[in-house]
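Asks: So Swiss-Prot lists the following for this protein:
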BINDING   314, 317, 348, 355  [4Fe-4S] cluster binding site
């Protein structure tokens, strides 16, 4: 038997809720950009220039920031690179503006992290590589004493970085990668989401012991199912232990083209819809600035941020009274610079008015060569198809919702 409306409305389950209820997370400040559940889901990316190329890296950061990237990461594999970051920050101040920067530090990066922490707003470390020991092919197990010794060495090397970040009120990302778990984690947990979570929690607990909480956590994998499981388990584990750190979402090494975008969306949007995630990156094998529109499209498609026009259009059928694809493109070309509007382009009046009822404006086929313009649910006027796009623009202008393109 179908549920009654009263039963539906009284249900406490969020499974049927049209709103996304974000997991409550603390606020982390990254160069003035606030990450956490009280703030918009943030968009990040990473330059692909060599950090030693100060001018090239500065230009890459600027391109990303101008494209809408809110936090930019750059690789710092050596002390020389760490010092170059200071020059990059200076060049940004001189030629553009300060941009929130994250330094990516990997293999045995203790000294590198301490140096670059003086320049950037956040340091990202990989728990599997921060204190790195080459895998021993002859090893069959780790003794309890060996594990304790490794943990002691990790704490000894990690604490100075935590102390510096705390003193400077800067942030840390504990960024686990599925493909680079430490050997002892692989022995203990296998190549699993649990191993990823335990890798992160080891560092989280050290931070907690030092009363440092300006932390963001990521659980990246190149396969979406692994990434999904790891983030869910990480959130559950933090909840059980009383931690509420923000999550940085991403499918690493997603590839390029349509499939890379689809693969990233499958992982990122799924978690966002579950309320997990406070900042995202879509990793594509393309120019970094091409990642940014994908991020904003994901966020808009599930209602977390609105930064562009939302276009609603039917797939076309035998009832369509004009070239729908051509008209949609004309409308998009004329209005894509606007922010916050919903515009529907529907091929006929059979389903058009109902399916576009939530739109701010509608363009609907009325008859051969004739279209109707709508404001919300109200039909405003009929015009010839040749005048349709211009008349739609005029209607938006009449309502005071038009701005000229930049």
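Here the Cβ of each residue, glycine as well, is placed from N, Cα and C on the backbone.
Here the structure is a predicted model, which means the values were calculated and not measured.
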Asks: For residue 355 ([4Fe-4S] cluster binding site), list the number of other Cβ atoms lying within 10 Å of its Cβ atom.
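Replies: Step by step: centre on the Cβ of residue 355 ([4Fe-4S] cluster binding site), count other Cβ atoms within 10 Å, giving 16.
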Asks: Give the number of CB atoms, excluding that of residue 314 ([4Fe-4S] cluster binding site) itself, located within 10 Å of its CB.
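Replies: Around residue 314 ([4Fe-4S] cluster binding site), other Cβ atoms within 10 Å: 21.
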Asks: Within its own chain, what residues at least 6 apart in sequence put their Cβ under 8 Å from the Cβ of residue 348 ([4Fe-4S] cluster binding site), listed in sequence order?
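Replies: Same-chain residues close to residue 348 ([4Fe-4S] cluster binding site) (Cβ under 8 Å, separated by 6 or more) are 319, 320, 321, 364, 365.
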Asks: With H, G and I counted as helix, E and B as strand and the rest as coil, say where DSSP puts residue 317 ([4Fe-4S] cluster binding site).
Replies: coil
Asks: On the three-state reduction of DSSP, what should I expect for residue 348 ([4Fe-4S] cluster binding site)?
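Replies: In three-state terms, residue 348 ([4Fe-4S] cluster binding site) counts as coil.
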